[in-house]
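Novice: The structure under discussion is supplied below as structure tokens; questions concerning it will follow.
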Amino acid sequence: MARLFGTDGVRGLANGDVITADLALKLSEAAAKVFGRSSSVQDHRPTAVVGRDPRASGEFLAAAVAAGLASSGIDVYDVGVLPTPAVAFLTADLGADFGVMLSASHNAMPDNGIKFFARGGHKLPDEVEDRIEAELDEAPWRPTGAEVGRVRPIDDGGERYVQHLVAAAPYSLTGLHVVVDAAHGAASTVGPEVLRRAGARVTVIGAEPDGLNINDGYGSTHLDRLMAAVPEARADLGVAFDGDADRCLAVDAAGQVVDGDQIMAILAIDLKERGELAGDTLVATTMSNLGLLHAMRDAGVHVVQANVGDRYVLEEMRKGGFVLGGEQSGHVIQLAHGTTGDGVLTALVLAARVAATGKPLADLAACMTVLPQKLVNVKGVDKHAVDGHAGVLAAVGEVERQLGDQGRVLLRKSGTEPVVRVMVEAPTAELANSFADHLAGVVQRELAL
């Protein structure tokens, strides 16, 4: 039987084959047993924070989660619609034993997902997820009377999170004009508010969530509107979140995109200059652009490359005691101020660097020369066969031979979707496109279902 948990919790079509109210209930009952056995809860009734993004299905899924937890003797702190990193923060801030977030992040509205945070707001390691999954087939706890849990709304969760982030700003944003695209998502209120309180003038787009429009034409996966809005507003920069605001991409004053690799380069140099980059090390991933590695080498910053997925970046960071890491997609983790990728925090610190230096974002991003990169998502294939298929490996080897040390090829299966990702970097965009399209065709032909 396939593992239920992917690289970022359990995700799929809401009310489809996987993400149902029944699963949400049973997963919560299972989690209650796993976390309820922890030595940290022996002297008190276990507590859990539950939050969600604004998509419509989150309402019934959050209700099912709360029911599963409370019926298993867990007190629930219901924080409502907030970003994923806010739920992680509140899990720690409220002293809860674990947290639950209902979100499918950047996915379209019909999807949803369930992810858990351990005490302190950290994502779960695989072995804890496996223990939760193993409990699905076991009988749940059924306390009665005064032993059942209670569900308590937490009305000031957003304010706690906003204050926490504003306090993390290394410099004032006074005089800066920022356009915020909130993807009609979980940061529609708190994202702009954080930047305003830090001193910026803020123009907002994509911040009218109605339960149906999350990630629809706005946000970090749809940057066209932000790219037009920033120069139109004559703003200094723009920032875009995804539906649950665990990632952030940026746009400079001319409307050009600044991706996660460039953001990490800017932040790494800033931290190094301030003597706050632990081990002078940045944790990136195997998908990060070669240009990032070159820029960090020139800046005297060592780069550790983790497997793709912010949970694996975080594992490397915690293992090495490092404070900065992330992904090209805009997941940036800053352990000095949080426990997981936080798009609003990333936007705040990036804007602060622009304000402090007085340099345009485009000039700061020029610290890194981006090697042309083409990423193709190949659907309808057996993603599990990609690592060992002779025909695919031969095609990859030939492209690598032609590129030499001037580029690279990476094939990987998505952890959350039935997709094989083909990535090629090359000296020119023409070469990157040609090689990526060729390899995508090979994967489609050889691994077709």
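Even glycines carry a Cβ here, placed using N, Cα and C.
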Novice: Just to be sure I read the record right: D242, D244, D246 are listed as binding Mg(2+) in TrEMBL. Which of S105, S172, S329 is listed for the same site?
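Specialist: Within the candidate list, TrEMBL flags S105.
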Novice: Give the one range among 160-255, 259-368, 375-440 whose Cβ atoms make the most pairs under 8 Å with those of the domain 'Alpha-D-phosphohexomutase alpha/beta/alpha' (3-138).
Specialist: 160-255
Novice: For the recorded Mg(2+) site, whose residues are S105, D242, D244, D246, find every other residue on that chain with a C-beta no more than 8 angstroms from the centre of their C-beta atoms, and list them by sequence position.
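Specialist: Everything else in range on the chain: D53, P83, T84, S103, H106, G185, A186, F241, G243, A245, R247, G343.
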Novice: Which residue among the binding-site residues D244, D246 has the fewest other Cβ atoms within 10 Å of its Cβ, if you could check?
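Specialist: Across D244, D246, these binding-site residues, the one with fewest Cβ atoms within 10 Å is D246.
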Novice: Work out, from DSSP, the number of helix, strand and coil residues along the domain 'Alpha-D-phosphohexomutase alpha/beta/alpha' (3-138).
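Specialist: Taking each residue of the domain 'Alpha-D-phosphohexomutase alpha/beta/alpha' (3-138) in turn, the totals are 53 helix, 36 strand, 47 coil.
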Novice: Quick one: give me the count of other CB atoms within 10 A of the CB of S105 (active site, phosphoserine intermediate).
Specialist: 29
